[in-house]
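*Asks:* Feature table excerpt (Swiss-Prot):
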BINDING   GLY45, VAL46, THR47, GLY48, SER49, GLY50, LYS51, THR52  ATP binding site
DOMAIN    32-417  domain 'Helicase ATP-binding'
DOMAIN    436-602  domain 'Helicase C-terminal'
DOMAIN    634-669  domain 'UVR'
MOTIF     98-121  motif 'Beta-hairpin'
Amino acid sequence: MEVIRYPDSPFKLHQPFPPAGDQPTAIAGLLEGLSDGLAYQTLLGVTGSGKTYTMANVIAQSGRPAIIMAHNKTLAAQLYAEMREFFPENAVEYFVSYYDYYQPEAYVPSRDLFIEKDSAINEHIEQMRLSATKNLMTRDDVIIVATVSAIYGIGDPTEYQQMVLSVKEGDTIEQRDIIATLVSMQYERGDLDFKRGSFRVRGDVIDVYPAESSENALRISLFDDEIDRLDMFDPLSGSLHQRVGRYTVFPSSHYVTPRDTVLRACDSIKEELRERIDFFTKENRPVEQQRIEQRTRFDLEMLYEMGFCKGIENYSRHFSGKKEGEPPPTLMDYLPSNAIMFIDESHVTVTQIGGMYKGDASRKQNLVDYGFRLPSARDNRPLKFHEFEKVMPQTVFVSATPAKYEEEHAGQVVEQVVRPTGLVDPQIIIRPVATQVDDLMSEINDRIQKGERVLVTTLTKRMAEQLTDYYSELGIKVRYLHSDIDTVERVEIIRDLRLGLFDVLVGINLLREGLDIPEVSLVAILDADKEGFLRSHRSLIQTIGRAARNVNGVAILYADKITDSMKAAIDETERRREKQIKFNEEHGIVPQQIKKQVKDIIDGVYHEEDSGKGRRQGKNKVKVGEIHNEEDAIKEIAKLEKAMQQAARDLQFEEAAVLRDRIRNIKENLLFGAE
C-alpha cells in the first residue's frame, strides 16, 4: 500500500495499486476540465472500471473538498466505506437522513384525520451529520458522502458557527459562563448519565461530550476563573488520550440559534399568526382559527422559555430571516466555494433530486389550509431543482448510462471503458421466449457446477415468485429479491449469494445500479423485448453490466424480436467490448477474475473462511465467550441477539448479518447437537 501526497493537496491517498486501464486518462481529463473551469463534466464509466478509485484520485490531486451524492443509503454507505479505505487520515464523512423511522405530520381532510409527526432518530448517524458540518467549517481535507438528505433544510451555517464554545489554556472565564453557553448550545447537564451532547460538573472540572464525537470527550480543568488545562479523554473508561492547547465545541443540533435571533423570530411568528387569525376570521372558519392560535402560541411559549420547540424546523424561515419562497439553508451552504461535487449513478440521482420538492409541497399545503401550520411552514422544504442548480459547485456526473440531463449539461464526456483487470463487457446472446424457463434451467446448472452465480430479472412480481418456486422444487438454491424487502435483509441476501449460501437470485428492478457481485457469471433477462421502463436501453445496459465483473460473464436476452432499446443496448455493449479487447491485445493483458472480500458496509471486513464462525475483523468486534454447555450457549445467543439488533439500528447491516450467522451456528452446533 503506497501513501501518496500531491503538492498543495491536504489529502493523503492510500493507493493499493497505481491507476490502470482507462483510469489514468479519465483522471487527467477530469482534472483538466476542473482547472479549465467546466461547470459540468460526465465520467462515463462502465461497471467494474473503478469509478470510485478515479474519483478518489481526482480529489487527491485537485486538493479540493468534495461531496459525493448517491441515490440511496446502501450505495452511500458502500461509497463511504471505500473512500475511508482510500483516505484513512482525512475527514471522510457520511451525511444521510438520521431517521430510522419517519412519519411526517399530515392532515387527511376527507376523514378529518390529523397525523402527528412521529420519528425515531439514529444517534450514530446524527453524530456523523454533526461531524460532517463541523469538519466542513474547520478543515480543508473533507470528503462528504451524502444522499438527497443534503438538499433538505438544516440550520443556518452563519448562526451555527456563532454558537460555538472556543476554549484555550490560559483563558479567563467563569465556570457559570461555560455552563450557560453549553446550555444555550442545547447540551444537557448529565452528572449521572454522561452521553453524547451532554456535560457534567465535578468541582472545578467540566467534562463535555461533544455532539459530533463518537470516541473523545473534553475535560476543562479550571483554576479559579482561569482554564488550567484541556484534555481529551475516553468517555467510557475515563483514560486520558492527549492534552490540547485549544478546542472548539460545536452545538448539539443544527437548529441551535442565538437568543436575540430567537426573540426576533418570535416577533415575526406573532406577526404572521395575527395575519392568519384575521384570514380565518374573515373566511368564517372558527375551528381553523382556534387550532392555529392554540398550536402556535404553545410553540411560542416553548421558544421563549427553552429556545426551541417540537417541530422548530417549521419556523425556519423566521429564524433565517429569509423572504417568502426563498430557498432554506441546506448542507450545500456549508460547502466551501472551491468544493467539487460528484453525482454517482447520476441517471437516477438527478431525477430523484428533481422530484423531492413536489411531494413535500402537497402535504404541507393541507396542513396550512386547515390551520395546523402557518404558511411559512411551506418554506421548510427540500430545494427545488432550479435552486439546487444554482448552488451546485463544479460537478462531475458519474454513470455507465448518462441520461438526457447529463447529455445536455456535459461540458465534456470522459470515458472509462477499459477496466484495470482487463475484464471485457459480457457477451450478449439472444434466445427465443418460448423456451426461456427450461433453457435458463440448463444454463443455471452449468454455472452451479463451476461454482458461479446467476442473476435473473423478470418483468412482474408474480412471474418472479412462480419462477423462484419452480426452480426451488427442482432442487436449485434460489432466492427472490423484491421491493418489500428492507435494506438490512437486501444486504444480507446479496452477501449470502456471494458466500454461496444460494446460487440464483431472481428480481425485477433491483438488480441494477451499485450491485458489486464478482461471482455472477450469467445475467438472464426474461421478456427482454417488452418495451418499457424496465426494458429501456439504460436499464438493459445496467442489468447486463452485472455480469461484467466475471471473466466468464455472459448476458442472455430472451426475446422474439429486437426492439430499439435492445438494439441500442447491444450496440453500446459491443462498442465497449471492441475497445476493451483491442486495448488488451495491444498491451498484452490477460483478463483477471476479481477476487473481492465480502465487506461490511460501515466498518471492517468479513472473511469467507470465517463464514459460520461469525468472526469480525475491524473495529466493532463482538467478543465471543467461551461456550462449554447449553446454559453458556443460551447466554451467548441473548448477548449476540442484542448486538445484532443494535447493529441493525446503526445501519451496520452486514455486521448484523455476521452476528445472525454466529447465532445460527451456535444453535445448530451446540443447542441441537449437529456435528
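Here the Cβ of each residue, glycine as well, is placed from N, Cα and C on the backbone.
The structure displayed is predicted, hence computed values, not measured ones.
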*Asks:* Restricting to the chain of GLY45 (ATP binding site) and a gap of 6 or more, list residues whose Cβ falls under 8 Å of its Cβ, or answer none.
*Replies:* ALA26, LYS51, THR54, VAL398, SER399, ALA400, GLU415, GLN416, VAL417
*Asks:* Around the C-beta of LYS51 (ATP binding site), how many further C-beta atoms are within 10 angstroms, looking at every protein chain?
*Replies:* 23
*Asks:* Including all protein chains shown, what's the count of other C-beta atoms within 10 A of the C-beta of GLY48 (ATP binding site)?
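*Replies:* Taking every protein chain into account, the count is 23.
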*Asks:* These are the binding-site residues: THR47, THR52. Which one scores highest on other Cβ atoms within 10 Å?
*Replies:* THR47
*Asks:* List the other residues in this chain whose Cβ sits within 8 Å of the Cβ centroid of the ATP site residues GLY45, VAL46, THR47, GLY48, SER49, GLY50, LYS51, THR52, in sequence order.
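*Replies:* Neighbours found: THR54, ALA400, GLN416, ARG419.
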*Asks:* Using DSSP and three states only, what is LYS51 (ATP binding site)?
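*Replies:* LYS51 (ATP binding site) sits in a helix per DSSP.
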*Asks:* Please identify, from the binding-site residues VAL46, GLY50, the residue with the sparsest Cβ neighbourhood, meaning fewest other Cβ atoms within 10 angstroms.
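*Replies:* Selected from the binding-site residues VAL46, GLY50 on minimum Cβ neighbours within 10 Å: GLY50.
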